[in-house]
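According to Swiss-Prot, the features are:
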BINDING   K22, N23  phosphoenolpyruvate binding site
BINDING   R93, R122, P123, I124, D125, Q126, D306, V328  UDP-N-acetyl-alpha-D-glucosamine binding site
ACT_SITE  C117  active site, proton donor
MOD_RES   C117  2-(S-cysteinyl)pyruvic acid O-phosphothioketal
Amino acid sequence: MEKIIVRGGKRLNGTVRVEGAKNAVLPIIAAALLASDGKNVLSEVPVLSDVYTINEVLRHLNAEVVFENNQVTIDASKELNIEAPFEYVRKMRASVQVMGPLLARNGRARIALPGGCAIGSRPIDQHLKGFEAMGAKVQVGNGFVEAYVEGELKGAKIYLDFPSVGATENIMSAATLAKGTTILENAAKEPEIVDLANFLNAMGAKVRGAGTGTIRIEGVDKLYGANHSIIPDRIEAGTFMVAAAITGGDILIENAVPEHLRSITAKMEEMGVKIIEENEGVRVIGPDKLKAVDIKTMPHPGFPTDMQSQMMALLLQADGTSMITETVFENRFMHVEEFRRMNADIKIEGRSVIMNGPNSLQGAEVAATDLRAAAALILAGLVSEGYTRVTELKHLDRGYVNFHKKLAALGATIERVNEKVEEVKEQEVSDLHA
């Protein structure tokens with residue numbers, strides 16, 4: 001078993017560059033299945049385990065996929081298979097994003113019910129509601145969901161009960177080849193939605209209104225391969241913003257898009273963090289003393305749920321009582337118990353977490369419960385006394401490229417070790433950046 005060992009006490013300084021956005025690239029790779037003519041070439045693709053997984057799903061579906069030098073080339077011009085099996089989908093719920101493209105191309109899709117992070121139930125009912133509105137019949141059973149349409153999908157007016165990002169993406173992709181116009185209301189507004197729409201349009205689709213609550217998709221007969229560059233990862237950028245703030249450091253985050261970070265920036269400035277927009281990205285300077293604030297996660301442009309656990313680590317260092325309320329996913333507080341192991345004064349009250357600070361955190365052995373919790377525990381380790389050992393790194397690798405190496409380059413005392421060689425003594429780790 002691999003672990004990340006971090007010793008607290010260092011201010012982080014320097015420059016770090018964020019990768020292409022994980023939450024943008026996965027639905028875009030899935031949407032590449034829509035192109036029945038030509039190759040799609042995607043650049044700025046992060047080297048993540050989830051990207052390898054979705055690539056394997058596409059290969060199983062009979063697409064040709066080459067991934068090298070942060071570039072993915074996809075040829076989906078051959079006849080596609082219709083089934084994405086459990087062995088792939090169990091690893092990552094984003095695999096369900098192939099359903100809309102398969103349904104549009106083949107008129108049929110059979111997908112194992114999805115896996116991924118253990119964050120509540122995260123149902124796909126809104127996806128299926130959209131497919132049914134466009135004329136598909138849906139059956140769920142034996143661990144699979146199957147959708148099929150006689151003839152072709154038809155444009156429809158669809159209202160989402162909740163602005164689900166995944167449902168917006170899946171329905172938008174399916175509607176590109178439907179007959180007629182689809183109007184998707186109460187759609188998600190995330191930057192990743194806009195990125196997918198830009199890719200679809202580059203392939204020849206007619207998508208308008210992405211980034212607003214109403215998206216119009218006029219169906220076309222065929223889509224073609226295109227070139228597209230993935231937007232920068234706003235969650236990775238936000239994570240390094242917290243790294244600067246929590247250590248009282250000074251970090252320039254290159255390739256960050258300030259407009260995508262407004263809600264994060266607003267809350268951090270409220271805490272006393274100095275944030276400067278520069279041509280290269282965003283510079284973050286941590287204060288000597290952090291102020292307590294309250295945060296409520298919301299769909300975009302509200303505060304992103306994917307930054308909740310990282311901000312929790314930061315608020316543990318704030319002076320006073322802070323509260324985070326989670327409105328997007330249930331059961332996304334599994335990391336609270338791990339923070340308690342580090343001596344945090346923190347408690348759960350319903351859908352909220354109350355923190356009293358500042359906390360004198362102590363290093364401990366902790367387990368990542370999901371992707372963002374993995375990053376949050378490492379961030380907490382940066383300001384803990386002694387050594388923090390974080391396990392279950394499979395979660396971290398789903399969303400961060402060389403996270404420990406990037407932190408080390410900024411001055412953190414941190415190493416990733418394999419348990420077999422963890423006779424690497426604490427002193428050796430402490431000497432890493434002496």
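Note that the numbers count up from 1, one per residue, in the order the chain is shown.
Positions of Cβ are set from backbone N, Cα and C atoms, glycine also.
Locations of recorded Swiss-Prot features on the structure.
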| residue | record | Cβ contacts under 8 Å, 6 or more apart |
| --- | --- | --- |
| K22 | phosphoenolpyruvate binding site | P46, L48, D50, V51, D233, I235, E236, R398, G399 |
| N23 | phosphoenolpyruvate binding site | V165, E190, E192, D233, I235, D306 |
| P123 | UDP-N-acetyl-alpha-D-glucosamine binding site | none |
| D125 | UDP-N-acetyl-alpha-D-glucosamine binding site | none |
| Q126 | UDP-N-acetyl-alpha-D-glucosamine binding site | L160, D161, F162, S164, G166, A167 |
| V328 | UDP-N-acetyl-alpha-D-glucosamine binding site | T297, M298, P299, T305 |
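If you draw a 10 Å sphere around the CB of I124 (UDP-N-acetyl-alpha-D-glucosamine binding site), it holds 20 other CB atoms from the protein chains shown. In the three-state DSSP scheme, N23 (phosphoenolpyruvate binding site) falls into the helix class. Neighbour density at the Cβ, taken as the number of other Cβ atoms within 10 Å, is lowest among the binding-site residues R93, D306 for R93.
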